[in-house]
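Working notes for the structure below.
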Amino acid sequence: MSQRTSIEQATVEIKTSNKGVFPYRFEYNPHKKTNSFIVPIVSTIVALILCAIFIVINGMNPLTVYGKMVQGAFGSSFGISETLLKATPLLLCALGVGIAYRISIWNIGAEGQFILGAIGATAVTIFLPNLPGPLYIPLMVVAGIIFGGLWGLFTAIPRTYFRVNELITSLMLNYVALLLLDYLVFEPWRDPEGFNFPGTPLFTPFQMLATIGGTRLNQGLIIAVVAVSVFTFLLAKTKWGYELRLLGANPTAAAYSGIKVNKHILLVMMISGGLAGLAGSIEVSGVAHRLMYGISPGYGYTAIIVAWLAKLNPFAMIFTSIFIGGLIVGGYSVQTIGLPSSMSLMLQGAILLCLIAGEMLSKFRLRKATGEE
Amino acid sequence: MKKVLGIFMILLLFMLAACSQGTTKTSESAKTEEKSEETTGEATETEEKELPKVAFVYIGVPGDGGWTYEHDQARKLVDETFGITSTTVENVPEGPDAERVIEELAQDHDIIFTTSFGYMDPTFNVAQKYPEVLFMHATGYKTAENMGTYQGRGYQPAYLAGIAAGMLSLNNKIGYVGAFPLPEVIYTINAFTLGAQSVNPDAEVSVVWSNTWFDPTTERQAAVSLLDQGVDVLANYQDSPAGIQAAAERGVWGMGNDSDMNEYAPETYVTNPILNWGPYYVDVVQSVIDETWKSEAVFYGFKEGMVELAPFGKNVPQEVQDAVEAKKKEIVDGTFDIFKGPIYDQAGNIKINDGETLADPDILSMNWFVKGVKGTIPAE
């Protein structure tokens, strides 16, 4: 609530200061019903037109470029499988941060929790080299969830008991995780046969997730879709889901009605971190097949966008994660027709920026300033 | 509502795809027309032989002024020589993303050059899946039926750069920013140090690792950490000239790697090894056209023209230039071998016995620093 009032106050100030200088004013209405499919479409089109200008300046046909982007990401079974492969970690991390955002816990540490999950899964392969083969995958998945969950707890405990802002701790822990990863792959876990390349030895076949039909797509996608279904159900149909909704709507009222706020925060942060950790363990066992430097190209951060584009709805995250995954895969594909990489990054950035800005701006209305209110 | 949105988006995408396919086709046919016009003159030579489709995967951007720049110059030479337009994909991270990019290229290309050490396993995996496509991986050690590897003897010009550094240093403190503790970086630093010691036995080379090939901000920080220790010559095994520029700001002699970086710090630039891939790339593509290509592990030096020494900066004294040129002659005509014993490691143990020389496999897997290097290779 306090957030909302502060925004309203800010809008009032804008109104008064604009009077007389600019004959129109913006009116903010957070409750305004917007047409939920017009906004993203208009935003995407605006982004495409903006980028088209730069593409033309670069001497290429924008339609060719956009067509190649779509074709690269969705135009063949290879493209689709690679897009889904990119979407898997994004979906799991988005699910994780989304659950935390529902109760206004601003976890931006999915990147670190993802890395810890990858480290956890790899630890199984390093410290238990002689297990019976079929045990590896379940153990690696569980280790990933536990490592990620504990990393989430490092943020949750100071938050609940010492009121430390979780935005700062979760962000800072990302860097700690990154340095821990670098330490492990540069020193103790480095492949002794790898000519000092910063990565562990390749996993054995038992430590890799099975792939689907000759592509790199693996069981991780199925795990992710199951996770989405489970959480959609839990949030909609259980007492826990109800309490979370109450907590998200009004924490003070929830506390008065007997809901244990601290317990919920601890649990939610563990789940949030655990899901990102699960994504990390799937990335090493399913795709990279080793722990190496730069294991995450920013999945934990991109997932925040995926979650917000889906308005925190787990089911909608399936589509937004595929959309963003396609944007990344297609972004590389357009390079094959001669577009520099900076241009494809700009394209991705412009689409995201316009989508988010469109969402925000749709809550405003332009009105002629009459001087009365 | 979500469904309607989804359907609309898909329709929109299909429309875009449909439009663009039309345009790509026309542009391609236009290209082939141009090509046929150009090549009619020499059509008798290449007679209907279809030219191979070539692709390059880069770790950085051609504008890095170093490693990727040199590969892109070589790519341009290939394009000019054969009248083709090869495909490039830049800024590709080593790891899973690289495998996707390489596989996508393998679907419609004949030769793919993957130009960073970390592309080795992705290249190898894709090579297994696409036996009819040829893969050339730079600086690795894995080969396959359809995958070759190549590397320049960068230690030869590095030794010469070391001579210059040893003569220029007044306080005997030389700095070296290394990218990763890989053998290619280690043997370059070792040769550089041996070169410096050959003219200045008290010279010491302090090494810091940046853990990145191409990230000007980090490269600069690493360089500054050495400059703060008071080094008066700074060398960099990095893709960008950021370290040279940092040195120039303090009036310290600077050297890079891979490419002539004179223009970035004209007052304080010394020289550095250049990797010249162009002639080799042309040979590779020619051998594919002639159907004589075979999988090899190539390790070429001055003699074959794969490595060079950059032109000296304008303020490098003539006596330094003369000393370097004299040694260069000995290396080129084979009378001088850089890794010839006695050579000691950092702890003072003899690594190469008196009179013995190091074989190529031992150079390519070098994992120890010579005496006089201050710095560590991450331990097992």
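Placed from the backbone N, Cα and C atoms, the Cβ positions cover glycine too.
Annotations in TrEMBL come from automatic prediction, not curation.
Residues or ranges marked as transmembrane segment by TrEMBL: A:37-57, A:77-101, A:113-129, A:135-155, A:167-186, A:217-236, A:265-285, A:291-310, A:315-333, A:339-358.
Remote same-chain residues near the transmembrane segment (A:265-285) are listed as 88-89, 92-93, 95-97, 99-100, 103, 105, 107, 109-111, 113-122, 137, 140-141, 143-153, 155-157, 159-160, 166, 203, 207-209, 218, 220, 223-224, 227, 244, 291, 295-296, 299-300, 303 (criterion: CB distance under 8 Å, separation of at least six residues from the stretch ends). Between the transmembrane segment (A:113-129) and the transmembrane segment (A:315-333) there are fewer than 3 Cβ pairs closer than 8 Å, counting only residues 6 or more apart in sequence, so the two stretches are not in contact. The stretches the transmembrane segment (A:37-57) and the transmembrane segment (A:315-333) are not in mutual contact, being linked by fewer than three Cβ pairs under 8 Å (pairs 6 or more apart in sequence). Sequence-remote contacts of a segment are chain residues at least 6 beyond its ends whose Cβ falls under 8 Å from one of its Cβ atoms, and for the transmembrane segment (A:339-358) they are 39-40, 42-44, 46-48, 50-51, 54-55, 58, 60, 65, 69, 305, 308-309, 324, 327-328, 330-332. Remote same-chain residues near the transmembrane segment (A:291-310) are listed as 40, 89-98, 101, 108-115, 118-119, 122, 174, 181-182, 184-186, 189, 197-200, 276, 279-280, 283-284, 316-317, 319-321, 323-324, 328, 352, 355-356 (criterion: CB distance under 8 Å, separation of at least six residues from the stretch ends).
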